[in-house]
Amino acid sequence: MEFIPTQTFYNRRYQPRPWAPRPTIQVIRPRPRPQRQAGQLAQLISAVNKLTMRAVPQQKPRRNRKNKKQRQKKQAPQNDPKQKKQPPQKKPAQKKKKPGRRERMCMKIENDCIFEVKHEGKVMGYACLVGDKVMKPAHVKGTIDNADLAKLAFKRSSKYDLECAQIPVHMKSDASKFTHEKPEGYYNWHHGAVQYSGGRFTIPTGAGKPGDSGRPIFDNKGRVVAIVLGGANEGARTALSVVTWNKDIVTKITPEGAEEWSLALPVLCLLANTTFPCSQPPCTPCCYEKEPESTLRMLEDNVMRPGYYQLLKASLTCSPHRQRRSTKDNFNVYKATRPYLAHCPDCGEGHSCHSPIALERIRNEATDGTLKIQVSLQIGIKTDDSHDWTKLRYMDSHTPADAERAGLLVRTSAPCTITGTMGHFILARCPKGETLTVGFTDSRKISHTCTHPFHHEPPVIGRERFHSRPQHGKELPCSTYVQSTAATAEEIEVHMPPDTPDRTLMTQQSGNVKITVNGQTVRYKCNCGGSNEGLTTTDKVINNCKIDQCHAAVTNHKNWQYNSPLVPRNAELGDRKGKIHIPFPLANVTCRVPKARNPTVTYGKNQVTMLLYPDHPTLLSYRNMGQEPNYHEEWVTHKKEVTLTVPTEGLEVTWGNNEPYKYWPQMSTNGTAHGHPHEIILYYYELYPTMTVVIVSVASFVLLSMVGTAVGMCVCARRRCITPYELTPGATVPFLLSLLCCVRTTKAATYYEAAAYLWNEQQPLFWLQALIPLAALIVLCNCLKLLPCCCKTLAFLAVMSIGAHTVSAYEHVTVIPNTVGVPYKTLVNRPGYSPMVLEMELQSVTLEPTLSLDYITCEYKTVIPSPYVKCCGTAECKDKSLPDYSCKVFTGVYPFMWGGAYCFCDAENTQLSEAHVEKSESCKTEFASAYRAHTASASAKLRVLYQGNNITVAAYANGDHAVTVKDAKFVVGPMSSAWTPFDNKIVVYKGDVYNMDYPPFGAGRPGQFGDIQSRTPESKDVYANTQLVLQRPAAGTVHVPYSQAPSGFKYWLKERGASLQHTAPFGCQIATNPVRAVNCAVGNIPISIDIPDAAFTRVVDAPSVTDMSCEVPACTHSSDFGGVAIIKYTASKKGKCAVHSMTNAVTIREADVEVEGNSQLQISFSTALASAEFRVQVCSTQVHCAAACHPPKDHIVNYPASHTTLGVQDISTTAMSWVQKITGGVGLIVAVAALILIVVLCVSFSRH
């Protein structure tokens, strides 16, 4: 780093340390300075005299580390008994640690380029001068502590949490430079070193704090590489949230759980129309222990304020001294609450009761099968409000009592494993069952249980239904309830408990009623000729009254209890409530799942046979990687053998949690295209059975027709020869003629005589004779009909054998197939220059649609507050703007609590029941997003072999975006097909994408996807339609019955089917964040290449190759570079030549070769032709190669073909040779027959 001059640094002038070690007796020789030499010499002489005249024992040792250690060693063995009796002295205050080199360097640079941002005199963060901009984090509130900078108008960027403005001209010299170069290593900031690794900035935990937002991070040259916004505590280290630069583009790096490091503004609360900081409540009331009721009232007044939890913590922590944090602090809030008794539908033996362990809620959102159970007792807290993991407290009559936690039990069809407990909540892992029971044993050894109907079936993680976590396997994303008792974002509502009736407080004494309070506050009401009611804390006697005419209830406003629908709310306080945090939040984690045994695979002709060995039910799925995926899946429970057909496009098979297996067929066959006719027919029959049968049938018919024609001509000649003898009565045919014409020397019956005989004796044979000409006519017409198809096939094969297209310009355009992993070569011929070969290979192709979020949906939670029971009166509903809110008033209720009737009246009581819906706590992690998908943008990652270098570039395939490969420009796209696997509406759930026509926002249906909708997981706007209907409560019971449709989100999770990852055609791989389809093998991609002149080599500079010959010693077609060609040549000089196949059906692996003198080179090629005839160009010279290729031995391979796959196989030269021989032989026979006929006709005509 360059030295930055400064006048004063830590109140001293900076001087470099001398290079030589300091001697024992230091002789100071001043530097020669002409203007002050005399004065300095006098000062030095005076200083030396003072040192020499001072006594040696009085000289203090020099303050260095070595002398200090020696002095400590000498003083260690001295034992002074007097010193032991001295009282221990207080430790002197430690001096502030001196800043290190990194801190000093940053302070020098920060002195000019950063400014404090203040709010009401407090430093909230910092603003930094970088380049030509003033940058300040947007979340830092306040004004820059500089008159010029405070006047600037800032532009806000919510995406990067940054505000920027132009630096005033006179302050540009103070700004720091920035850089996008960030090699991994250590950087500097105000508090020391910052480590950059894996794309993240981290510091030791504790080195940064709120108030550091806006501080810059420097490299060793003093350039700003990032600006700090906040941090996320990750244990020993803290990951920084920063804004940085990547090639002049601003990017934001935000680790998970990052918090903003702006100094928090004080939050205000309200008490008696007076505001105060929520973290510092006023002294009246200031503490729950001193004034519990007033403190709870103050908390209820501020329950909706942002600083409520600060006020709650301050009110429950009365000691002004700073206390040591521990897990007990998480239980401190429970001293303001109490357990309670509530109605349970089944307390054992099928009867209901008011149970101390009533079940409130059972949550099963965790995908790992863990249940979160809420009960009415409290675990981990004793009756004295102290924390004890081994205890629980429950409500025994009007007062809490302690019991052992060891007596707690949870069971479904079998006992469950309890994994965590705190407060009202239990975590348990349970087997499947239809009911859930919780219970405990109280202090009197009495067992209490409560059973609820609950269908529990542990969900399946992954693709295998296993029962226990394996030791080795695969990590998959899942969710669970974190076993942490720390405060979370989840909360429950609490309120003051209602007055609890207790008939046992009243006794009848000779016409009077005595109320015994037992140290409690009792509210009583008697109707004995007049109204007699009030509150009492002492025993009271009601004269001339009976117990049936009185009502007594215990009132307690010193504690909160859970806002339960099984307990009425306090009639005096109405809707007043508080909130407390609850433990065990739902979080995304990873779960280890097993991997099924690899199947035994046997390859066959266009098929694979898999022998599967499942240890437990395992999912098998497969799809074709062509246009029609034909997806299929099944659960395999026992050993099974499966045979699957492998199409030409390939087959993808997924077995359990293993990675997918991919298979491609090869053109393997038992015959050969270069053998005898029956071997050739067998070869083509196994490859193309239909085509082979048609061609062989037509060829056989043609050959038989030719043979038949020859026979007919011979018969005609024979008839011409024997006719004269037949017409002559008694003529005898000469022996030679009878031998040649195969006739008897006597006269035979004529055709008409034979026909007359058949008509009279055998008519079926007569008609068969007549149908022969008609059948011949039909066969001939069919042959003429099939002749154009054969012509098209031959024309297609002829076109495929034409040489590769070349271009005579440096602007080259080519089209490559959209197939990942298959290299494609193109040849650029430019007049006057040596040919250039460009090799391109698609490494990935991404289709990313433009998405607009309509809403998110998740599981809903039905919120049912405690019912309001209006004794001796009528309650009224009020309108509330809550989702799916419902409110009803039921008359004629007579509710009972455990101590007796809740109300004094019999029939004039009313119950107000209300309920509404809100997003469940699991919506932060378990939700599905509904998107509208628009036009997809395509991008490609391309590997280019250019000028001997392999270079990988990424480009948008839109035909407009240009990328540079060395000195050449490549423009990719647009793609030939605008196809995308995404419909107009898609649903994204975690890492899966589904095409789904979901309902629009505000039109959800009960029990279906979208029954509850919200714009984002954090937004407060919620729409719900769950068919929530309140029902009349049962007589004598305090509860809020209701009817509601089941969660549409959970129903969709069960019935959603396979995602696009498994069902997308063309082998697409679907990914999220962002949503995209990767490597879809559909269509072609045009590429335009602009090659500069300097990239070409002139013909005069390139070697000249002559006397070329080609020999193919081995060739296996339809295999990955299974052909080998040896080319002999003579080169004019040593150099490098481009090698290229001029035939599209043949792909050569090498792009260029070294040539020198008389030598030979070996190239590898791949083709689908059985008889490959192609031309190879080396430099500017071409040579003809011919190969007789044999079929591959492997039926199935796990890689796609590296050559052009033809729809129809070519005809081998051997097959053509056999066709010529057979056709020539038959043709010769026809020619001989024709010659005989001509001679006979000529002779017969000459006689006439």
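Cβ coordinates are placed from backbone N, Cα and C, and glycine is handled just like the others.
What Swiss-Prot lists as compositional bias 'Basic residues' is 60-74, 84-101. According to Swiss-Prot, the feature S-palmitoyl cysteine maps to Cys721, Cys741, Cys742, Cys1242, an assignment based on similarity to another entry. The S-stearoyl cysteine feature in Swiss-Prot is assigned to Cys1242. Sequence annotations record features per position, and here Swiss-Prot assigns region 'Binding to the viral RNA' to 84-114 based on similarity to another entry. Per Swiss-Prot, region 'Ribosome-binding' is recorded for 99-113, and the stated evidence type is similarity to another entry. The region 'Interaction with spike glycoprotein E2' annotation in Swiss-Prot covers 155-160. Residues or ranges marked as region 'Dimerization of the capsid protein' in Swiss-Prot (evidence: similarity to another entry): 183-193, 219-223. Per Swiss-Prot, region 'Interaction with the capsid protein' is recorded for 716-720. According to Swiss-Prot, the feature region 'Transient transmembrane before p62-6K protein processing' maps to 721-741, an assignment based on sequence analysis. Annotated transmembrane segment per Swiss-Prot: 693-713, 764-784, 796-816, 1225-1245, in sequence order.
Within the model, the region 'Dimerization of the capsid protein' (183-193) carries an average pLDDT of 88. For the recorded sites Cys721, Cys1242, the largest tally of other C-beta atoms within 10 A is found at Cys721.
Spacing of Cys721 (S-palmitoyl cysteine) relative to Cys1242 (S-stearoyl cysteine) is 11 Å (Cα to Cα, whole number). DSSP classifies Cys721 (S-palmitoyl cysteine) as helix under the three-state reduction. In the three-state DSSP scheme, Cys1242 (S-stearoyl cysteine) is classed as helix. Secondary structure of the region 'Dimerization of the capsid protein' (183-193) per DSSP (helix as H, G, I; strand as E, B; remaining residues coil): 0 helix, 7 strand, 4 coil.
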